[in-house]
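Structure first, commentary second.
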Amino acid sequence: MKLIVISGRSGSGKTIALHVLEDLGYNCIDGVPFQLLAQLIDTVDPKNNKVAISLDIRNLPTDASQIQTLLSSLQQKVEVEIIYLDAISAELIRRYSETRRLHPLSKNKLSLSQALELENELLEPIHKRAALSIDTTTLSIHNLNERLKIHLQGSTKSNLLIIFQSFGFKNIHPDDADYIFDVRFLPNPHWEPTLQKYTGKDQPVKAFLNGHLVVKQTINQIENLFHSWLPYLEENNRNYVTIAIGCTGGKHRSVYVAEQLAAQFKQKYQVQIEHKGLKDQL
């Protein structure tokens with residue numbers, strides 16, 4: 001039997017992750033008391049060979065050694081894989097302000113920021129054992145769904161997942177990027193009145209940028225760079241690499257370049273595109 005454990009700080013997207021696993025055929029159980037986890041595994045019908053549970057601060061012991069001991073004992077019985085979700089504290093606070101929910105640790109007379117900091121410490125024993133950690137700070141529900149499905153379902157392509165991100169320097173910088181390319185030197189469609197309302201995914205902007213040699217050269221140079229580097233990253237057992245492309249507002253140039261690069265690499269690699277300036281967050 002395979003047991004997937006979804007954990008992470010409150011507001012990081014665990015419920016969404018469980019819904020994805022349910023769609024993939026997992027028997028999902030939310031909020032299992034930690035002390036009953038071993039008993040649950042012993043009583044699960046053997047036919048249910050794929051089980052997923054969520055573990056959060058509400059159902060964990062305060063003694064970290066108990067967490068380590070139980071996880072180790074479970075791994076002797078079944079295949080256990082931990083997926084840990086998190087986001088920067090400022091984003092978690094924003095999500096809480098929208099839902100107006102109380103943090104589970106707020107009953108200890110802690111502020112929300114203090115509760116999140118304590119929660120981070122208490123969950124660290126689980127985080128350290130995670131096979132996959134996902135930062136959901138700027139992920140849409142669709143992107144989180146896609147990231148989990150690629151990880152769990154596998155692919156006939158290379159195991160390396162390439163994440164192309166577009167962003168605007170005047171907005172948010174991608175803290176999770178491995179490589180960042182600044183394309184603000186490229187011709188800017190923003191200064192063309194007829195193009196301002198479009199994005200780098202729309203044909204008028206694509207035609208404008210495709211008509212400039214420097215844009216084509218830039219894309220080719222980035223493409224050639226990673227055609228050379230990616231095999232070495234694979235040899236070092238990298239699971240994914242994040243390549244961020246930034247322009248001023250994250251609407252035109254960076255979106256176009258990210259889309260073009262993704263199209264070039266998707267034949268051989270698993271590819272995901274995240275346009276931080278265009279989409280809603282979790």
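Note: Cβ is positioned from N, Cα and C throughout, glycine not excepted.
Close to T15 (ATP binding site) in the fold, though at least 6 residues off in sequence, lie D30, S54, each with a CB less than 8 Å from its CB. Residues or ranges marked as ATP binding site by Swiss-Prot: G8, R9, S10, G11, S12, G13, K14, T15.
Taking Cβ-Cβ distances under 8 Å and a sequence separation of 6 or more, the neighbours of R58 (GTP binding site) in its chain are G31, P104. Annotation source Swiss-Prot lists GTP binding site at D56, I57, R58, N59, citing sequence analysis.
N59 (GTP binding site) sits 14 Å from K14 (ATP binding site), taking the CA atoms of both as reference points.
Annotation note: G13 (ATP binding site) sits in a coil segment as assigned by DSSP. The ATP site, placed at the center of the C-beta atoms of G8, R9, S10, G11, S12, G13, K14, T15, has further neighbours from the same chain whose C-beta lies within 8 angstroms: D56, L85, D86, A87, L92, T136.
Residue density at R9 (ATP binding site): 25 other Cβ atoms are found within 10 A of its Cβ, drawing on all protein chains shown.
The Cβ of G11 (ATP binding site) lies under 8 Å from the Cβ of A87, L92, R95, Y96, T99, each of these being in the same chain and 6 or more residues away along the sequence.
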